[in-house]
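*Asks:* Sequence annotations record features per position, and here TrEMBL assigns transmembrane segment to 7-26, 46-69, 105-126, 132-153, 188-205, 225-247, 312-339, 345-364.
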């Protein structure tokens, strides 16, 4: 991994600044929403619904844009798409361009660890930053990240403009191409299902957890900051220290299953938390659960060639975005009902428990997912347009 650090350092700095800017607002946003809509209370169904609506709208936008960005990054280069609105969704393609296959899981882990480090510093700053200044600081940091990318980040994939080259994929992939991509490989099919279930669970947890902690244990902005600090430190330690050591001996597929198992325990403990300190203990399981995302990215990355990283990673990001749309529509009403004054039965963490069950299904799929193999997706899609679908 050391030989790639010099080439990736500016990418890591950009990711760190971007994530710091985004995460600094998280500890404050729940209190701000509650005080604006239901001042003086710790339970507010309207605030939960509003948060779910916002998450759904964000997911719809990401679902439309993310696959397009993935394809355009193959044609026009990674830097242009990363810099455009600081689009971190193009990041996995840039990582794959720089790092050899056998090192990609560690590389994706490091960039996730850098994101977690930004999460840690963002949580610390949120603890000591006045709420009135938090959002201005976040906006300023995002602008700095964009400027830094523009001047310091080097292009990792110059793109292709040869319309005769099948690997260039000059046109934006259609929905038919995406279906062909799924049906062309069982590995991709299982990876897409796992991505959907894992992202659904992750989005559902994000939508409900902070309101659950507020209603059940009366968490405030400072307690949120400390709690998120534990999450961030665990994630950063796991990705920056443990993952480069574990992946070579365990392998991405096995590590993915272990991560999903840890994720189940992590979420299950939240749902049955019996006092205010249990969520802090549950947060330590992030050390294992955080492996899931980089392992999935690495498995997908190894499945395709350099010119197809954009379409493959963009497709997986699109699946995750679709899950982010559906999760609030399902989890938000459950959360609102069971945190209300008249729930069907007393189980404040019921919506979070449902999320844990979804992760179990993802774990089952990870056990049957096949080993990834190299394939040229653009040629495969073109071939299937002539020959029809065939599982390979």
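Keep in mind that glycine also has a Cβ here, set from the backbone N, Cα and C atoms.
Not measured: the values here are computed from a predicted model.
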*Asks:* Within this structure, do the transmembrane segment (225-247) and the transmembrane segment (312-339) have 3 or more Cβ pairs under 8 angstroms, counting pairs 6 or more apart in sequence?
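*Replies:* Per Cβ check, the transmembrane segment (312-339) does not touch the transmembrane segment (225-247).
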*Asks:* Per the definition of 3+ C-beta pairs under 8 A with sequence separation of 6 or more, do the transmembrane segment (188-205) and the transmembrane segment (345-364) touch?
*Replies:* yes
*Asks:* For the transmembrane segment (345-364), give me same-chain residues lying six or more residues beyond its boundaries with a C-beta closer than 8 angstroms to one of its C-beta atoms, as numbers and ranges.
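*Replies:* Distal contacts: 193-194, 197-198, 200-201, 204-205, 208-209, 212, 215-216, 257, 260-261, 263-264, 267-268, 270-273, 331, 334-335, 338-339.
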